[in-house]
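According to TrEMBL, the protein has these features:
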| type | residues | note |
| --- | --- | --- |
| DOMAIN | 696-754 | domain 'CBS' |
| TRANSMEM | 81-102 | transmembrane segment |
| TRANSMEM | 130-151 | transmembrane segment |
| TRANSMEM | 181-198 | transmembrane segment |
| TRANSMEM | 242-264 | transmembrane segment |
| TRANSMEM | 276-299 | transmembrane segment |
| TRANSMEM | 331-353 | transmembrane segment |
| TRANSMEM | 368-388 | transmembrane segment |
| TRANSMEM | 442-461 | transmembrane segment |
| TRANSMEM | 467-489 | transmembrane segment |
| TRANSMEM | 501-525 | transmembrane segment |
| TRANSMEM | 531-552 | transmembrane segment |
Amino acid sequence: QLTSSPFLRIGQLSNVDLNEDIRELETDLPRQHPNEIPHNEKLLSLKYESLDYDNSENQLFLEEERRINHTAFRTVEIKRWVICAMIGILTGLVACFIDIVVENLAGLKYRVVKGNIDKFTEKGGLSFSLLLWATLNASVVMVGSVIVAFIEPVAAGSGIPQIKCYLNGVKIPHVVRLKTLVIKVCGVILSVVGGLAVGKEGPMIHSGAVIAAGISQGRSTSLKRDFKIFEYFRRDTEKRDFVSAGAAAGVSAAFGAPVGGVLFSLEEGASFWNQFLTWRIFFASMISTFTLNSVLSVYHGNAWDLSSPGLINFGRFDNEKMGYTIQEIPIFIFMGVVGGILGALFNALNYWLTMFRIRYIHRPCLQVVEAMLVAAVTATVGFVMIYCSRDCQPIQGSTVAYPLQLFCADGEYNSMATAFFNTPEKSVVNLFHDPPGSYNPMTLGMFTLMYFFLACWTYGLTVSAGVFIPSLLIGAAWGRLFGISLSYLTKGSIWADPGKYALMGAAAQLGGIVRMTLSLTVIMMEATGNVTYGFPIMLVLMTAKIVGDYFVEGLYDMHIQLQSVPFLHWEAPVTSHSLTAREVMSTPVTCLRRIERVGTVVDILSDTSSNHNGFPVVESNPDATQVAGLRGLILRSQLIVLLKHKVFVERANLSLVQRRLKLKDFRDAYPRFPPIQSIHVSQDERECMIDLSEFMNPSPYTVPQEASLPRVFKLFRALGLRHLVVVDNRNEVVGMVTRKDLARYRLGKEGLEELSLAQT
């Protein structure tokens, strides 16, 4: 029943009777997943916290900044460059490790299977070879899926949506931990070796980001080691800048495209940008691609020849035989349209599939079973396609890594096998560069069709895997098919070289799925090492994006929305000028007085119903004439550190407090502040008073309650705020705007929609 149910149910998903399914599942479900089944994309989850991208300028901070002189600032700047260099080197080394291990393991697997197939082709009994291939794939993928599902579920997928959210200011739990990096690297090796329709390029971006977040803190919370370096960078603002550098280094290691990496970080990731940051990020990307290049060159045995700048090399496209003429531009634009439509179809299918997975396949054991099923199906499909294909090509002069002979004559190989019996990266390069006539149109058509559905089914499995390479491969296959049919129509005229159309098809398909424009153009130009194609690639990508956006949003944005993440886009929804801050804000606000009872603070922090993270501080003793005006803002994490160190007024008067709290005490507790339950406050201490004046941020950002939503949104988004206090004309606190209040409003099909909030 297991094998058939996903297929049967996908068609009926639109009208599945959820209540019936819930009833049958509730009996054997553990109680912690009650709400997971009826998933609704019109929700915003409350389980995601925001990051503090705005420094709290309290007295401690200002005193420390005033103490730092010019030379000290210079050392901080030098440290930033050193960290960027280290990010680049380590990301490059991780990429090398992945590449070398994948090459050896996949090579071993393909040699074993090839020997087996060659043996059984003569004797008969090829079903054994199929069984061997499917079992190898499924067992490797099982290991890769088990470590992800049971140890670190955040490492599933490509990690690009998670890093986008992190850079946007959403705290996705565990996303930049060391454990995640280890699982990610092992998982991606296993899923590529397991023959799934995945690439190892997407996860490189996540790995780079984790490396950056780890190095810049100068310590590892997972390993409980503090190296006492880079302490100045222990806050969200600095960490974010380094994470965007890490993401760029990951792209540049994956594609050998340093400029593309910087632009990727700018387009997809970073919410905040300045010139110094750009320059440092570019430095990290260059170092990363250079490290990868030199290590791989040494590994391949020609130490001085730096010829492998990225994990995927599209190889060089020569200008002589690959130039394009002006009359081909409309053809390229048409390919962009096709890519946009196919990309939208891919995303729509994947959307339904992901909804299905969220509703039914949310237990780790089921996820592992599904991953193994996909691996076995992929191997079976590949085997059947190769077995049924009668497309034979001469071996002379061809560059096939594992030529499968099967039922071809001696000295020939099966050309379907070059597409399926190989890692996806190699297949892409073959489709780009094999001479005209290497592939039968029938072979390419069948391959595109099967691979499209396999890749769509694979993205979103519980394995670490990227979607870049499969989409390039699908696009290259139908692009090459398009080129072959063009040369049929034009009676073999010279300009229809199929390789060129394979490149354009690959660009169109990838653009149609992920909808990146600027960075993708540059990545494709750098990866092919050819600037002449810049213009057609740009046209193709723009067309694919416009056409695709007409139907459905990009894959990454779609997955962010399916996870119900409160993601803030660049602009507020266009029709939202009618809303004001008064309608958007959350009320009532829990305020603290400037000198507050410890018991009150503890009760407010322990209250589970209101899990607030920022508290406006108001004047302590309002008499009849004076209003309780806003004096500042204090964060939950700061209050917890104050309670932990017992900074009470009475103890200070009795001089029991050893020393004044420094900023270092707050930094040492970052990023995992202890929960309030772990802090013991005795009954006598509850009666003490706590003075917040030197720890609160005395100048929080405020807006009047008449401000319109786009104005509030712009302020919030541009400054990377976490809390924005709404005040009336007497400077009394009337409300608070947080990320959830702004992310609730979204443009839907019928105009402005308001999403509901859910605790799941």
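Glycine residues also receive a Cβ, built from the backbone N, Cα and C atoms like all the rest.
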Cβ pairs under 8 Å between the transmembrane segment (276-299) and the transmembrane segment (531-552), at least three: no
Cβ contacts under 8 Å made by the transmembrane segment (442-461) with residues that lie 6+ beyond its boundaries: 145, 156-157, 196-198, 342, 346, 349-350, 353-354, 357, 367, 370-371, 374, 377-378, 381, 385, 389, 391, 415-416, 419-420, 467, 470-471, 473-474, 477-478, 480-481, 484, 555, 559
Other parts of the chain folded back onto the transmembrane segment (368-388), taken as Cβ under 8 Å at six or more residues beyond its ends: 2-3, 6, 126, 129-130, 133-138, 140-142, 144-146, 149, 194-197, 357, 361, 404, 406, 414, 416-417, 420-421, 446-447, 450, 454, 457-458, 461-463
Contact set, same chain, for the transmembrane segment (331-353): CB under 8 Å, 6 or more residues outside the stretch: 10, 13, 324, 452-453, 455-457, 459-460, 471, 474-475, 478-479, 482, 486, 501, 504-505, 507-513, 515, 536, 539-548, 550-555, 558, 562
The domain 'CBS' (696-754): DSSP-derived helix, strand, coil residue counts: 16 helix, 22 strand, 21 coil
Stretch-averaged pLDDT - the domain 'CBS' (696-754): 87
